[in-house]
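Enquirer: Handing you this structure, nothing more for now.
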Amino acid sequence: MQPNVAKKTELEIIALTFAQTVNASIAHLFAITLIAVWFSYVAPVSELLIWAGAIAFLSIVRITTFFAFRKYGNDQNASLWLHGWAGLFFILGVIYVCGFMYFTPLNRPEYLVSIGMFVVAFSAASAIGHTASLYASLSFFIPITLPSVVFLFLYGGSAGSVAAFTIVIYSVTALFLLKKSNKAYKKSIFLNFEHTQEIEKRKQIEKQLHDISRKDSLTNLFNRRYFDETLAVEIGRAKRNKLPLCLIMFDLDCFKEYNDKYGHVSGDNCLIQIAEIAQSLVSRQGDMIARYGGEEFAIILPNIELDGAVLFANNLQERIKYKNIPHADTKVANIKHVTISLGVTNLTIGKGTTASELIQSADVALYEAKKRGRNRVHFDANDSSVEA
Ligand SMILES: Nc1nc2c(ncn2[C@@H]2O[C@H](COP(=O)(O)OP(=O)(O)OP(=O)(O)O)[C@@H](O)[C@H]2O)c(=O)[nH]1
């Protein structure tokens, strides 16, 4: 048994037990009214009123506990609530039985037989109503049946013995059936939770697999495959809504020399740091950054004009500059830290209108930034380039 499914089953059974309380208590209010009327032919009304009043009061208390449980019950205190609930149910059974024994005239067979009928009816209702919990069923079943049987056998004469015998036969059969149906009921609740948990686990695994299929394992950025899909979608959206869209491709400068100087593991760490800085800037809804390949990254910026994207690129370059990751062997003039070159293009005034044309255009701009000495942003409007 997996513990949390077992615990959930236990809590569900307690909740189901409480759920029956309101209906059952209303039924008890009706029942005691009818029983009191029936006994009013042979017993003083004032005493009957006390008895019926006690049962009515307890029924109302039980209804209140149902609402209190809904408000204050939780996973930790649920079994305590169940014990309290069973205690009240037990007392209810005792009060019924005391009344039966006190008010029944021993010389009136119809009253003796009627006790048998009431006891069978009550215990049947408690068994059926609380199939999920043997404890709950028995907390009423036992106090109402056992004393009644003893009383009827001892003092009820032949009519009482018949009634007692009926209760015994009924009780043995009911308990046997109750045990079986309780087992099946609990099992079905358990299987239901187990099934739900299994579905949840599968959903989580599917989500993880889905995430893995979209992510780059080193930097945790989106991978090229997902980038390609997203770019096509964003271009379609931009065209439909006649909105601008920009693409930035950037690449670490002299990264081969970095790896040669500091080793591949440091190279990986450097890529991770650059990815984190870039990711921290990609904050608008719809913006997207991906590792395009090796030491090359791509950023999609929907709904932004070219000058905004150039500003973004400059900002990214500045942030990387301030990170000041040492790069002693870079070929960038007068610099001893890691730098990047960026190519910026856009959909509206760029040369291309398809994903591959846009990538090509950003790549050309990036190549131009490299050619012009690296550590700079190049964008194709007016063939301009900005050095950091
Ligand atoms: N550590 C590490 N290095 C990588 C990874 N992917 C690509 N590289 C290295 O990145 C380097 C790229 O070299 P080049 O294409 O010559 O580019 P570059 O040295 O940055 O030169 P420029 O782009 O012209 O400035 C190669 O040495 C690759 O091995 C990676 O995941 N981890």
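For all residues, glycine too, the Cβ spot is worked out from N, Cα and C.
From TrEMBL, here are the annotated features:
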type	residues	note
TRANSMEM	21-42	transmembrane segment
TRANSMEM	48-69	transmembrane segment
TRANSMEM	81-105	transmembrane segment
DOMAIN	243-382	domain 'GGDEF'
Enquirer: I'm checking region-level scores; what's the whole-number mean pLDDT for the domain 'GGDEF' (243-382)?
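Expert: So the average pLDDT across the domain 'GGDEF' (243-382) works out to 93.
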Enquirer: Using Cβ atoms and a strict cutoff of less than 8 Å, what residues sit near the transmembrane segment (48-69) while being 6 or more residues removed from its termini?
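Expert: Apart from its flanks, the transmembrane segment (48-69) reaches 18-19, 21-22, 24-26, 28-29, 32-33, 35-36, 39-40, 81, 84-85, 88-89, 91-92, 95-96, 98-99, 102-103.
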